[in-house]
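Note sheet for the following structure.
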Amino acid sequence: MRLQNLRILSFQVQELASTLFAPLWSSCSEQEGLLPQGRSFKAQVSADRVDAAEQSPNSSNIYSIERSAGSQAILGIMKRIASHFPLLGILVVVLLAASLSGTSVEGLATSRLKVGFYSNTACRNVETVVRAEVEKEYRKNPSIVALLLRMYFHDCFADGKCDASLLIKKNTGFGFIPTELDSGSNEGIRGLDFIDYLKRTVVLACDRKGDIVSCADIIALATRDAVALASRRAPYELKTGRLDGTESLMTNADTLPSPGSPISAIVARFEKAGFSPGETVILSGAHTVGEARCKFFSGRLSEPDPSLNTTTLASLKKICQAGGEKRAFLDQGPGSAFKVDKSYFVMLTQHKGVLQSDQDLLTDPQTKDFVQPLADGSEDNFATQFEEALKKMGNLGSFGASGNIRKMCSVLN
Ligand code: HEM
């Protein structure tokens, strides 16, 4: 009878252990629905561990993956203790649960990103190396700021993860699955070679095997530094530790917003990614730099759009009538095309927006209240909000992240 009771007790402790510790990994896998459907977290972890272990036995990304796998190890030990020593089992379960209660589920499900992620790795200089290269490029070619900003946005938004999935080379030939770059939304994406170059430079500078710094972090750091240069501000503090994605699907990029979409659809797309209408307006401020090809706004010229300033209309017509792949600056403010500043919003209030989706921000009920204050506010007001929104975008996909560190940014390992 006594033995029977002990068995029941032992079983209950095992169940308790399962209940208490299961969330430690299930929450990681469920967080933001990041795991591909039909793939269990267990399978994901082991695949990642093999990937990571093949790359480098010492690479820092292994640690977090091991930690997740460690939750399963804890459960195994708990179950064994409980089956042999029920009372001791209860005590250990209670003590562990108490010690983990403050941070456990949330703690293990939080982002692996942190400021200075690489500071204890062989690539502790990565931020200095990237900054020096971005600065060199910016002096030669200031449009690098626009190329990086658009790349960062498209990479992070397509599949809701800043994971460099955008960089995977276009597929050709029979039987290949089209990648994000094959999507019409990514036609005209520029600057991919620059990221390949940065990766090679980082590898030569500190990461001989190329398995420490992710391509996703290189995009995020380079964008941060480019924005700092073009806004004449100190680089904002940016968390690193992103992993590179292990797939790139055209269908994900097809969902990126289009300049012909109504603002309601654009706002809904941003809300899906966790951004408010106000943040949608702020992020659209990225069009303070860069260019758009005539085909994206020619419809507003042939049948003149009454919401377009007549001087701007004439100048855009002149650019586009030359034919071919002509481009116009998205920020039509005088002397402002390469600066990250509030001029884009001033320009919208003057009806000089080039894309329909830019100009409509001024009048749409969901966004109009945000435009005028940005135009009237200080440069600092826009810059700080823009930096915050870019940082927030950079966190997309970092919860329950899975992936690896790509050897070459344009090719999956
Ligand atoms: C709100 C919805 C948005 C729409 C509909 C949109 C659409 C477009 C289009 C059509 C172009 C011209 C592309 C070309 O001619 O190749 C463009 C360029 C650009 N977009 Fe957006 N965009 C949006 C939001 C954003 C955001 C949130 C960012 C960054 C945070 C961004 C950054 C840029 C940059 C920097 C360029 C210039 C790229 C270059 O010069 O190569 N856009 N966008």
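All positions are counted from 1 along the displayed chain.
Every residue, even glycine, has its Cβ placed from backbone N, Cα and C.
TrEMBL lists 85-105 with the feature transmembrane segment.
The disulfide bond feature in TrEMBL is assigned to C123-C206 (among others). In the three-state DSSP assignment, the secondary structure recorded for C123 (disulfide bond) is coil. Just so you know, the Cβ of C123 (disulfide bond) picks up 21 other Cβ atoms within 10 Å once every protein chain is counted.
Classification of R150 (site 'Transition state stabilizer') by DSSP places it within a helix. Under 8 Å, Cβ to Cβ, and six or more positions away along its own chain, R150 (site 'Transition state stabilizer') finds I189, R190, A286, G290. Here TrEMBL flags R150 as site 'Transition state stabilizer'.
Feature annotation from TrEMBL assigns active site, proton acceptor to H154.
Around the Cβ of S165 (Ca(2+) 1 binding site), 28 further Cβ atoms fall within 10 Å across all displayed protein chains. Taken from TrEMBL, the feature Ca(2+) 1 binding site covers D155, G160, D163, S165, E180.
According to TrEMBL, the feature disulfide bond maps to C156-C162 (among others). Neighbours of C156 (disulfide bond), defined as other CB atoms within 10 A of its CB across all chains, total 27. Look at C156 (disulfide bond): DSSP puts it in a helix.
The disulfide bond feature in TrEMBL is assigned to C215-C409 (among others). Taking a C-beta cut-off of under 8 Å and a sequence gap of six or more, C215 (disulfide bond) has these contacts in its own chain: A164, L167, I195, K199, D244, R406, C409.
DSSP assigns P257 (substrate binding site) to coil, not to a helix or a strand. The substrate binding site annotation in TrEMBL covers P257.
Sequence annotations record features per position, and here TrEMBL assigns heme b binding site to H287. In the three-state DSSP classification, H287 (heme b binding site) falls within a helix.
The Ca(2+) 2 binding site annotation in TrEMBL covers T288, D341. In this view, D341 (Ca(2+) 2 binding site) is surrounded by 21 other Cβ atoms within 10 Å of its Cβ, with every protein chain counted.
As annotated by TrEMBL, disulfide bond applies to C294-C320 (among others). In the three-state DSSP scheme, C294 (disulfide bond) falls into the helix class. The Cβ of C294 (disulfide bond) has 20 neighbouring Cβ atoms from other residues within 10 Å, across all protein chains displayed.
Excluding the listed site residues D155, G160, D163, S165, E180, the same chain places H154, C156, F157, A158, D159, K161, C162, A164, L166, G245, S248, N252, G397 with Cβ atoms within 8 Å of the centre of the Ca(2+) 1 site Cβ atoms. Only R150, P257, of the recorded positions R150, C162, D163, P257, place a Cβ under 6 Å from an atom of ligand 1.
There are 30 other Cβ atoms within 10 Å of the Cβ belonging to C162 (disulfide bond). A sphere of 10 angstroms centred on the C-beta of P257 (substrate binding site) encloses 19 other C-beta atoms.
Among the recorded positions C156, C206, P257, the ones whose Cα is located within 10 Å of the Cα of D163 (Ca(2+) 1 binding site) are C156.
Working note on the disulfide-bonded residues C206, C320, C409: by count of other C-beta atoms within 10 Å of each C-beta, C409 ranks first. The recorded positions close to S165 (Ca(2+) 1 binding site), defined as a CA atom within 10 A of its CA, are C156 out of C156, T288, C320.
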